[in-house]
Amino acid sequence: MDLFEHDAAVQATNDDAQTTKINTVARGYYEDPFVRYFARTGSRKSPLINRGTWVRVQAVYDSVYRFLETYRENSCRQIVSLGSGFDSLYFQLQRKGLLQEGDRFLDVDYDSVISKKVEIIRTNPELRTALRADLTQLTNACGAKTDQYILAGVDLRLVEDFKRVTEEVAGFNLKKPTLVICELVLIYMEPKYSDAVLSYLSSSFAELLLFNFEQVGPEDPFGKQMTKNIEARGSPLMGLVAYPSVRAQKERFQKFNFNAVAAMSMLEYYSKFVSASEKIRTNRLEPLDEIEEFELILEHYCTVWASRTTGDLAHIERLLPPEAG
Ligand SMILES: C[S@@+](CC[C@H](N)C(=O)[O-])C[C@H]1O[C@@H](n2cnc3c(N)ncnc32)[C@H](O)[C@@H]1O
């Protein structure tokens, strides 16, 4: 497979991601009135996939809410979604009135993904209304922007390009609180590239929270099958050998001088941080008989919260989930 085919296969993972999300929303796990504009309704997914996707989305939203709440007094909060694909997070935050004037939100992905996302937004009246501002074409990169929301094309393997997009195109201020969301993206990059991205972020931003979500556990039979299935689609999990476990993920972020790092499997996250009432509610949506299989799936995904600050460490601790360590 040549590089072009590989990149196309990696970009296609965005379609899968949005299809799983639209199915999960359609089953009532969570509300997202925007996902249907960004995703094709695919074949129905199993309750296992729906439930797993819901837990993953909860972990992302939880991190975003905690970040926005912690810095609510701040005049400029910055969020960047790496490998955002067609994810609708910005629209969700707007809908819930969680963003303030001065906040910035940046979606980055390959040029071709960002161009398509911009086109979808431009041609959809509901999305345009939800934006509450007109999109203008970027002049110094592929993409478009409003005063608050920037969609910019960049290949994250070119860290200098990513730096330029973040600081010059999106105008991110290195001193302002910044949240970086990595939801199933770093794993598709060779470690030398994802390491370069993490190194740039941790050495440049003064007040930083990074959320990472990706697969772990390639050695056991389930992990071997998972790796094989994904590889067969032409988008191998390139980071999995270097960072195969929760512990390796934790050490990965410590290596880049994040001050506080918490890492756990999604199973641990689900057990500790998803409330009993939410578990009961989702059990009623779809019965889930294969509890052991569900737990096995969750064990093969890992979340990491890593924070870096030149300020008060006690205060940055509030960005991590309680009990996490
Ligand atoms: C599995 S999808 C996840 C999309 C989104 N984060 C979500 O969870 O809904 C992975 C995304 O990462 C993007 N991606 C992977 N490698 C990238 C790179 N080197 N530069 C930019 N984007 C990349 C892909 O194009 C794709 O949109």
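Using N, Cα and C of the backbone, Cβ positions are placed for all residues, glycine too.
Among the candidates Arg56, Arg128, Arg132, the residue that TrEMBL annotates alongside Gly83, Asp155, Leu156, Glu183 as binding S-adenosyl-L-methionine is Arg56.
In the three-state DSSP scheme, Gly83 (S-adenosyl-L-methionine binding site) falls into the coil class. Sequence-distant neighbours of Glu183 (S-adenosyl-L-methionine binding site) (same chain, 6+ residues apart, CB-CB distance under 8 A): Ala17, Arg56, Val60, Ser81, Gly83, Asp87, Phe211, Phe213.
Look at the binding-site residues Arg56, Gly83, Asp155, Leu156 and count other Cβ atoms within 10 Å of each Cβ; Asp155 has the fewest. Residues Arg56, Gly83, Asp155, Leu156, Glu183, recorded as binding S-adenosyl-L-methionine, reach a greatest CA to CA spacing of 24 Å. Classification of Asp155 (S-adenosyl-L-methionine binding site) by DSSP places it in coil, neither helical nor stranded.
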